[in-house]
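Pulled from TrEMBL, these are the features on record:
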DOMAIN    6-231  domain 'Orotidine 5'-phosphate decarboxylase'
BINDING   ASP12, LYS33, 60-69, THR124, ARG186, GLN195, 215-216  substrate binding site
ACT_SITE  LYS62  active site, proton donor
Amino acid sequence: MNTSERIIVPLDVPDEDSAIALINKLEQVTFFKVGLELFTSTGPKILDLLKSRQKRIFLDLKFHDIPNTVAGACRSATRYGVDLLTIHATCGTDALKAAAEAVQEEAAKVNIKPPKLIAITLLTSISSRQLAFDLKIPLELPEYALAMALMAEETGLDGAVCSPQEVAQLRQTCKDDFLLVCPGVRPTWADKGDQKRSLTPAQAIASGADYLVIGRPITAAADPQLAWQRICEELINVSG
Ligand SMILES: O=c1ccn([C@@H]2O[C@H](COP(=O)(O)O)[C@@H](O)[C@H]2O)c(=O)[nH]1
């Protein structure tokens, strides 16, 4: 996989027309993320459109519910034939196990490749202070993120979503093939916005991330294609 294929661009836009406009501006991008905003607006037809253009798809619906419900949601999402799918680790072990089994069973039933099911460890918009004072979690943030990732690994998930600040620790501790996907990535020239635990794309890759989710630095740029290219060049300069 070349470095540009490691960048996943989220289509965080309100409707299908805006998504198509963005996809057209980013012809060279191979991997797009469809999240809550766009999927709630368009439903699965946006996934068909991306597939018709041979794009890879990260369906980031961040399931968070009881075991029976997340298993059902995972079965439905599996039938879309997407590449990556998310669930919150805080659903707990029973729900994570049920979700992982549901994905495998449904993919076998309809004879398609299962999506990689990955767990959100701790949203990248949460700071250490918020973890302690808002969520009342009495652990250091890296320790908590690692615990969530290990729970996901032990329950049979394929990987985790983590901030670039924790990815080195997760890379060292988790199995080599445990997929690590990092949002909250910011080039030095971009605004952090609501992201609290960011590093640059080059730092995130050097720390062991498999994929980077980079949205507004690209999608809100005056020229999204140019912004994407600038990030690709920064990554090539680091990885040689
Ligand atoms: O912990 C998480 C999990 C998911 N996201 C998603 O990634 C993108 C980031 O977009 P930016 O514009 O680069 O901030 C967005 O779609 C989030 O829903 C995340 O940021 N953090």
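A Cβ is built for glycine as well, from the same backbone N, Cα and C atoms used for every other residue.
Feature map: annotations from TrEMBL on the structure.
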residue: ASP12; record: substrate binding site; Cβ neighbours (10 Å): 19
residue: LEU61; record: substrate binding site; Cβ neighbours (10 Å): 18
residue: LYS62; record: active site, proton donor; Cβ neighbours (10 Å): 15
residue: HIS64; record: substrate binding site; Cβ neighbours (10 Å): 16
residue: PRO67; record: substrate binding site; Cβ neighbours (10 Å): 18
residue: THR124; record: substrate binding site; Cβ neighbours (10 Å): 23
residue: GLY215; record: substrate binding site; Cβ neighbours (10 Å): 20
Annotated recorded positions LEU61, LYS62, HIS64, PRO67, filtered by Cβ under 6 Å to ligand 1: none
Secondary-structure category, per DSSP, in which GLY215 (substrate binding site) falls: coil
Rounded Cα separation (Å) that holds between LYS62 (active site, proton donor) and GLY215 (substrate binding site): 17
